[in-house]
Amino acid sequence: MKADLILKNYEIAKERYAALGVDTDKAIETLEKTPISLHCWQADDVVGFERGEAASGGIQSTGNYPGKARNIDELRQDIEKVNSLLAGTFRLNLHEIYGEFGGKQIDRNEVTVDQFTGWMQWAKEQNMKLDFNSTSFSHPLSGNLTLSNPDPAIREFWIEHTKRCRHIADAMGKFQNDPCIMNIWIHDGSKDITVEKGRYREILKNSLDEILAEELPNMKSCLEAKLFGIGLEAYTVGSHDFYAGYCAKNNVMYTLDTGHYEPTENVSDAVSALLLFVPELMLHVSRPMHWDSDHVTLFDDNTRNLFSELVRTNALDRAHIGLDYFDGSINRIGAYIIGVRAAQKSLLQAFLEPLDTLRKYEDEGKLFQRLALLEEEKTLPFGAVYDYFNLKNNIPVGEEYIADIEKYEAEVLANRK
Ligand SMILES: C[C@H](O)[C@H](O)[C@@H](O)C(=O)CO
Ligand SMILES: [Mn+2]
């Protein structure tokens, strides 16, 4: 699209929004500064560099599109490409299995920061900060139960792993002078009916108490709830109620993954409820299709509702935005760009909402007026504002990035046989 046309459209949009009391320049500035954490695992279908095996243990990636990253250099190359096609501020969310193991057998209860210093340096060069995840899946000891396992040897193994991961996250946070957010998601559960629901939850509670006992100043831990995992359909130890209770009681950050709730549930509704009781939220923005399928995030009602709730609740500074999906059936770089742009569009639309007027209508009981404005705002020219945001940052506008990704596929990804 021609720059002068984008600018002209932006000026018209700016005037239209100003008439509603909305400052588009301010919205763009806020969007530029709001960090989005890119999940490293979209680049290689959650394989990582430890064992090189397909993900197992509650999650699964489907699709066999050619060109997935096979090593650290390729993954970094892909993330650099993704960065070059996006405006804004980005972090990188690493899983423990993406360490630099250098061909050595370093088991999960032996991992140290040494396997991540290269990542820290690289991220600094990319002007990205790091977030982190312990990895309980894709390991011979993953089984059905890790931190909630009644077998002390297995449980100790995973406690040690998670403690070590917290230390790695702390080192990352210190290095980048900004807290590293470390997520703990475990798949623990049961395929069929269990008569020991309470027992496993009590063990998990005790494991978490032990893991989180140590104060580490440069990292923040968050706990991710889930409805069910693949092969563990009947019961999940770390359910929503379990973690909501645990996080509220222990002042721990809660991870809200938009794929982890009943399909008819309005996940965005959890934002204002949880934030009354937990300190912060980590968001895993995903797209469930019938179940927790981890399809590429889109600019759909679920994503839009989530971000508008964040803004309406004044919770932007208490939420960490991350993406979480893994689609191996399409160009993986394209999958990143579609998902990030969807999150950005949803955020921008939330920033552009004429909230003062909507709140005033609501306070005054003017409910027809509120509904009318909510309807009208949907077709305000926010696309022109998003185009300008990209143009201003020298990033491809609109569908222009498709050709860029096709070129990268032909020149780089096609050579990964
Ligand atoms: C790879 C991630 O840890 C994983 O996707 C987790 O966050 C999750 O959502 C599992 O369903
Ligand atoms: Mn998740």
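Backbone N, Cα and C atoms are what each Cβ position is placed from, and that goes for glycine too.
Record note: TrEMBL gives Asp292, Asp294 as Mn(2+)-binding, and the candidate from His187, His240, His260 in that site is His260.
Asp294 (Mn(2+) binding site) is surrounded by 25 other CB atoms, counting those within 10 A of its CB over all protein chains shown. His260 (Mn(2+) binding site) has a Cβ environment of 25 other Cβ atoms inside 10 Å. The Cβ neighbour count for Asp292 (Mn(2+) binding site), using a 10 Å radius and every protein chain shown, is 23.
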